[in-house]
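Participant: According to TrEMBL, the feature pyridoxal 5'-phosphate binding site maps to Gly108, Ala109, Phe141, Asp226, Glu227, Val228, Gln229, Thr284. Residues annotated as N(2)-acetyl-L-ornithine binding site in TrEMBL: Arg144, Thr283. What TrEMBL lists as N6-(pyridoxal phosphate)lysine is Lys255.
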Amino acid sequence: MAAEKIAVTRQTFDNVILPVYAPAQFVPVKGKGSRVWDQQGKEYIDFSGGIAVTALGHCHPALVETLKQQGETLWHTSNVFTNEPALRLASKLIAATFADRVFFGNSGAEANEAAFKLARYYACKKHSPFKSKIIAFHNAFHGRTLFTVSVGGQPKYSDGFGPKPADIVHVPFNDLEAVKAVIDDHTCAIVVEPIQGEGGVMPASPAFMQGLRALCDEHNALLVLDEVQSGMGRSGKLFAYEHYGIQPDIITTAKALGGGFPVSAMLTTHEIAAVMAPGVHGTTYGGNPLACAIAETALDIINTPEVLSGVDARRQQFVEALQAIDHKFDLFSEIRGKGLLIGAVLKPQHASKARDILHAAAAEGVMVLTAATDVIRFVPSLVIEPTDIEEGMARFARAVEKVLAA
Ligand SMILES: Cc1ncc(COP(=O)(O)O)c(C=O)c1O
């Protein structure tokens, strides 16, 4: 028997959900490709991708097929038993990256929590229990557990929850000299997003990333890359580290890994993984067959020349449309990011209008995001149709015009 459907509206949110979000005033009920419909049947073009998650659009037929097939086969076993989809997905992630070992979780925060614990555990086992310093960056975002908000560089997310994990140092992003000033032989890891997402869509420079690699090697520290937002094709390569000519020690991935189904992974080398043993870390749901089957299909589709090589052409279309808007309204100081992680930075005189633009865009029928306080962020499906980009940007331009005229 299906669950009884009681009537719910956006107002219900305010009555029943913990008030940690301020969702838009409409309630999406259906999605197909890069189009979404709300309770009233209004249609939106989705440039927000569920915050860089629905990389193949909504209800991609291959993902739906896998969901149905695996849903009728086996959902969950726990890690007391292994399962075929997890073993296949891990094998394919290893074949596609620098890594030799995979740990599965359910969210980006969980993959990062595992990565930070592994970095400390490795240092403790291989070097010294005092080698626990983690170097991270201002404006970084790594998730919402206490360890991940503490490594993240945004006090608004980490303050007010009591004592934080100790020995975490934050320095400015893209500033190698600042890292040199704090790194020492007690450092176990540098944790960095190759492209800061929530922090304002800010790519690391090649010299910075290569410099971090060299500093880690010098001090026997691990280079941990948070690719939760930048990974799975978003940058035009499967993982953004591939742009930098470096090899990380640990990467984390989530978001687009499951195309909308919750799943995450931490990838590392055999040598680092070898310090772990049964019972040292774990999770009940991590690597469950349903999530892994869907992620396997997502990976099979994303990790193809057709999808990856289409990212740059789509970016170009976005950038040209944003430049045309800028030409008309003198709105942006910079359009930055990589691939389909695009940030349009508002000029100082418009910096306070990011949220207004987001709401006006929704009213015009296009879903966009903000990042930091003054950046409009676009993280659409990697396979969004060019006609959807064209129509969505026309709607976005109308929204901008209305906000500036108000
Ligand atoms: C770079 C990065 N790391 C970690 C996270 C946290 O992922 P989750 O919300 O799935 O825990 C996010 C989410 O936005 C992110 O962008």
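Cβ coordinates are placed from backbone N, Cα and C, and glycine is handled just like the others.
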Participant: On a count of neighbouring CB atoms within 10 A, which of the binding-site residues Gln229, Thr283, Thr284 is highest?
Facilitator: Gln229
Participant: I'm trying to understand the geometry here, so how far is the Cα atom of Glu227 (pyridoxal 5'-phosphate binding site) from the Cα atom of the residue listed as 'N6-(pyridoxal phosphate)lysine', in Å to the nearest whole number?
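Facilitator: That separation, Cα to Cα, works out to 9 Å.
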Participant: Can you tell me the three-state DSSP label for Val228 (pyridoxal 5'-phosphate binding site)?
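Facilitator: The three-state answer is coil.
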Participant: Which binding-site residues from the set Gly108, Ala109, Phe141, Asp226, Gln229, Thr284 come near ligand 1, judged by a Cβ under 6 Å from any of its atoms?
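Facilitator: Gly108, Ala109, Phe141, Asp226, Gln229, in sequence order.
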Participant: Among all protein chains shown, how many Cβ atoms are found within 10 Å of the Cβ of Asp226 (pyridoxal 5'-phosphate binding site), not counting that one?
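Facilitator: Counting Cβ neighbours of Asp226 (pyridoxal 5'-phosphate binding site) within 10 Å gives 32.
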Participant: Listed recorded positions are Arg144, Lys255, Thr283; which of them have CA atoms within 10 A of the CA of Gln229 (pyridoxal 5'-phosphate binding site)?
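Facilitator: Cα within 10 Å of Gln229 (pyridoxal 5'-phosphate binding site): Lys255.
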Participant: From the Cα of Val228 (pyridoxal 5'-phosphate binding site) across to the Cα of Lys255 (N6-(pyridoxal phosphate)lysine), what is the distance in angstrom?
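Facilitator: Val228 (pyridoxal 5'-phosphate binding site) has its Cα 6 Å from the Cα of Lys255 (N6-(pyridoxal phosphate)lysine).
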Participant: If you count Cβ atoms within 10 Å of the Cβ of Gly108 (pyridoxal 5'-phosphate binding site), leaving out that atom itself, what do you get?
Facilitator: 26
Participant: I'm trying to understand the geometry here, so how far is the Cα atom of Thr283 (N(2)-acetyl-L-ornithine binding site) from the Cα atom of Val228 (pyridoxal 5'-phosphate binding site), in Å to the nearest whole number?
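Facilitator: Spelling it out, the Cα of Thr283 (N(2)-acetyl-L-ornithine binding site) and the Cα of Val228 (pyridoxal 5'-phosphate binding site) are 19 Å apart.
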Participant: Ala109, Val228: which of these binding-site residues has the highest Cβ count within 10 Å of its own Cβ?
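Facilitator: Within the set of binding-site residues, the most crowded position is Val228.
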